[in-house]
Structure formats: C-alpha cells, structure tokens
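**Student:** Mind having a look at this structure? Questions to follow.
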C-alpha cells in the first residue's frame, strides 16, 4: 500500500507577533514543522509534500535537508484550498495520503502509524484524528453513527443542545484515499461567512458520497496547535516532559526534571546525573556516567564518559572521558579536549586542541592553539593569538610547564619537556629541555620612599 503525507505550513501566524513564519519557531530546539516532518518519516512515510506560503523562502531554508517536495499557497483561503494547492503532488498517485499541520509539533510517530493502519485495515475513505476534552467550547464536534463511524463534524456555533454535550473534538489531521480526496476537492466550495475552503467540508462531501469515515482518538496534547507565544510555551512544557521522561527511563538521573532543559535530538548515556538549571542543546551527545552540575550549558558537543561539568558553557566542542570542566569555564567552538584533563575556573578555550592529562586550572585564555599531553598552565596564562589582522597559531608540546602570568605571543612554538618562568612574555621558540625566562630583571632601589617623602613613620 502506497502512503504519503501533506503538511500544511502556509499560515501567517499573526498571533505570534513575529517576523518569522510560525512553523519555524522552535520547540525544544527543533522547528515545529520539522518535528512533524521527522515523525512522519519515523512512521515510514517517504513522500512528503509541504504546502508553504508566507515566508516560503525561510521555511524552505529550515527544511532544505528533509528531502521534501513543495507546493505554494499564494493566498491563504483555508485548509481545503491549501490541499487543492498540493493536487499536483497527488496527481497519478494511488493509495493513502495523510494531512497534518505544521504548527502541531506534538503529534507522535506512533500515532501517525496508528492512523495509517486504522485507515487502511478498516478500508475507510477518510479517517480523522480526534480527542476528548473536558471543555470542548470552540471546537468542532465529532458526531458518530451508532456503528462508531463518523457521521459528521459540527462546528461549535452550529451545534444543537445534544451536540454541545459531545466532548470529542476534531484535530484538523486526516487520512484519505487519494482518489476519494481528489474527487471531493472538485466539489469543495467557499460558500461560508469567511469565503474560505474548509477541509472539514471534504469529510461531509465524502460521507454524502456513501463512503466510510472513521476516527481514532488520541490524547489532547498530541493535537495541540500553536498559534501564540503562550501556546508555544505550553507545547515546550509537554515536549520537555516527554524528553526528560525518555532519558530517565533509559537510566539518566534528574535531580529536578522540571528545571532541566534538553533538546529533542540530545543523546545521554546511562548513569549520568543532571542537576537543576542545565541546558543541553542541539545535536549533543553525553556519554555514560557524567555529572552535570547546576547552570551548565552544552550545545552541539560530544562529552565523553565520566566527565564532570560544573557551572560552565561548552559549545560545538569535544571533551574526552574523565575530564573535569569548571566551575565557570567557557569552551568555545572547535575545541577538542583530551582524556583526564582539567579545565578549571574562569578558563576560556577557543578553537584549540588540549592533550590528555593536561591541566589548565584557572584564569587562562587559550585560543588557536595545539597543546600536548601532561602540560600544566599556571594561573593567568594568556595565548595572545590575534595580531590585529588575523589569528595566529601557538603549538605547545608534551610535558610543558607554563608559569603563572605568562603571555605566549602567537605564532610561537613551545617544544616538549620545557619550563617557562612565571611572568614571562614568550615571543620565540622554546627548545626542548630548556627553561625560558622572558621578564625584566628585578631592581631594588634602597631608600627610595624616604627620598620621595612617601615613607610613613
């Protein structure tokens, strides 16, 4: 059986009060529309068409790696009109098409699979996703036959007294036999107060043709649409609970899961402990037995097993197993830190490689450098990598000891097994096995304060 999907993503999203199209706003680190696309893919649906309109260039940019086809809805004339705009995608296809909305990011791949299975096994012409709620005010009601089939969808304003008591509501997500859908679209009109073409009318047209219409009921959170910043926040809360629950089931400890913020594509190994206030973003991988103390942020990075991170920021970097980072360290993009290293408080590292067992304990800046293994950086070391025009490189070999308050003026090389005296400014290569001293000779002027009249009696 051939299955495909259409995702409606052309809405203006006026209530978002944003210059960006609504569907590219993110929930737990991923654009809403990409949540829907990815879950459709996980349900083994290969052919996906995205109906775009306002901000189409931006939507395409955010979905360019999803292997989609696109249909353009130049004017927003309703959900039915959006599907009409995708008729070319359905041309000459036979099978089943599901229709989803790009602003409902909480739909799961399990529900999508269930929708197709229910629709195809029951040989329905159309199937919709519904939900039951305590207060259905404002929603279209699903009215069923005695057999359980869907009889009709009645908008709230059109409900009679009995229909108002129904708490099963329409989600705006459907499955259709492609041939039935295309035939029904031919009879769709905009004879309503808004002058728009509604997809709900296709259900009525299908039913009047004598075809079977079914519905599956799912939890309300799966059909939640996002039309405002408030609803975006509500969707974020639901998604975050799902993400954190998944990691806890897989063996991750959360000291307070309600104040821990993890993006949807993050991977975390078992026996890792995460303290409150941590933010883990993007395509980050954290391996087993790590400890992330409060208020740490990690983005698009790989953290090896047994790493401890305390009150620190790690961006687009790799940290080797057994390393400790922080408190208050800043690891900037393109940094690779080896195994069992120590990156201490108020250390900033940018675009550098740090070898195994190297210690950078405090108050140090390292930029555009290659640092070997078993090195020690004294407090206040600065790699001076910018010459006013471009960044220069520093190379430090294995077993180098860098004394406190040392400036390494790039480009410069410090070879293996070297010592640099505290307070030095190094501008030339330091040979292997040597001690480098580059500071002014101390001069003591006896009686100077007395001569200047500054000596306190």
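Each residue's number is its place along the chain shown, starting with 1.
Glycine residues also receive a Cβ, built from the backbone N, Cα and C atoms like all the rest.
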**Student:** Among 342, 439, find me the residue Swiss-Prot lists at the same acetyl-CoA site as 385, 386, 422.
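**Tutor:** Matched candidate out of 342, 439, per Swiss-Prot for acetyl-CoA with 385, 386, 422: 439.
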**Student:** Of the binding-site residues 8, 140, 365, 385, 386, which sits closest to residue 103 (Mg(2+) binding site) by Cα distance?
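**Tutor:** If we rank 8, 140, 365, 385, 386 by Cα distance to residue 103 (Mg(2+) binding site), first place goes to 8.
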**Student:** What is the nearest of the recorded positions 227, 362, 386, 422, 439 to residue 78 (UDP-N-acetyl-alpha-D-glucosamine binding site), using the Cα of each?
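**Tutor:** Nearest listed residue in space: 227.
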**Student:** Applying a 10 Å Cβ distance cut-off over all chains shown, what neighbour count does residue 332 (UDP-N-acetyl-alpha-D-glucosamine binding site) have?
**Tutor:** 17
**Student:** Are there any residues at least 6 positions away along the chain from residue 386 (acetyl-CoA binding site) with a Cβ closer than 8 Å to its Cβ? List them or say none.
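**Tutor:** Counting only residues 6 or more apart in sequence, the Cβ neighbours of residue 386 (acetyl-CoA binding site) under 8 Å are 367, 392, 410.
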**Student:** For the region 'N-acetyltransferase' (251-457), what is the mean per-residue pLDDT, to the nearest integer?
**Tutor:** 98
**Student:** Looking at the recorded positions 362, 439, which one has the fewest other Cβ atoms within 10 Å of its own Cβ?
**Tutor:** 439
**Student:** Near residue 385 (acetyl-CoA binding site), how many other Cβ atoms are within 10 Å of its Cβ?
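**Tutor:** Around the Cβ of residue 385 (acetyl-CoA binding site), 23 other Cβ atoms lie within 10 Å.
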**Student:** Taking just the CA atoms, what is the gap between residue 365 (UDP-N-acetyl-alpha-D-glucosamine binding site) and residue 439 (acetyl-CoA binding site) in Å?
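**Tutor:** Per the Cα atoms, residue 365 (UDP-N-acetyl-alpha-D-glucosamine binding site) and residue 439 (acetyl-CoA binding site) stand 20 Å apart.
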